[in-house]
């Protein structure tokens, strides 16, 4: 049914972030022990340790060509590394509090960082120069993402909002309001016209990037650690699996709930989970929203990444478990 490819145990602290390379062959992980480690996702072989941060590593990401790796840390810096060696190419300084997340632009020429100092910074990947400082959030900023053309940014915050920015000028284009708790993740659709956001209120919202209105709200029932659109833009990929979206996306009507929070007036139960994912209580690997493989307590994810039929789990004990299922068709095709 499935193969546990490797259990990776080289850390001395909890694993805080995992990321696949664009070709899916390499896995990078960041840890509270202040290091980044790079592994072969195919064999589980340990490749290298990137040392230089002086506090916990909170985020790791590969460049689109897979040649560069970037990491963010509680030491208030971002580091740019060669993925082939352990060389630190740049140390990006300027944030005044912990840096929570980093991401590359689609062309790999710029990268963006989000921080507890309530700002987003845009940097040159080649020189390490700060190109823009985006200010406006009134809480910490964690998630940040580029639009497919690299001209627009979306950021989510502890102030419960999502902001859409011009990456070139730093101007805030839209402030998206509706979540009832801090925003955990943001992602653009392939055409750049919509933005998805996942919140600690356990919902996912889909917004018009141009108009700022909410097009769909999904009761996920868990706080997802992954969020992206499928290549055709018709599904959202989350830790719970893929969720098919209603089409065409239309602005939602809102009614007041008993908690006085705005809530969309539609049936949340129509969303359908597709593919591999993690259950709401994090004790199962799921297929199409149904429990497939039970996870022992010491293998349950603090963070998880799903890449096709491969599921990578970072545990609070510091281990990384990589599982590859033998079929993309679920139990019926195994």
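Every residue number used here counts from 1 along the chain in the order it is shown.
Quick reminder: no glycine exception, Cβ is built from N, Cα and C everywhere.
Among the features that TrEMBL reports, compositional bias 'Polar residues' is placed at 248-261. Positions annotated as compositional bias 'Basic and acidic residues' by TrEMBL: 262-272. Under the heading region 'Disordered', TrEMBL lists 248-272. Per TrEMBL, the feature repeat 'WD' maps to 8-49, 50-91, 92-133, 134-175, 176-217.
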Residue distribution over DSSP helix, strand and coil in the repeat 'WD' (92-133): 0 helix, 23 strand, 19 coil
Tally of residues which DSSP labels helix, strand or coil - the repeat 'WD' (8-49): 0 helix, 22 strand, 20 coil
The repeat 'WD' (176-217): DSSP-derived helix, strand, coil residue counts: 0 helix, 23 strand, 19 coil
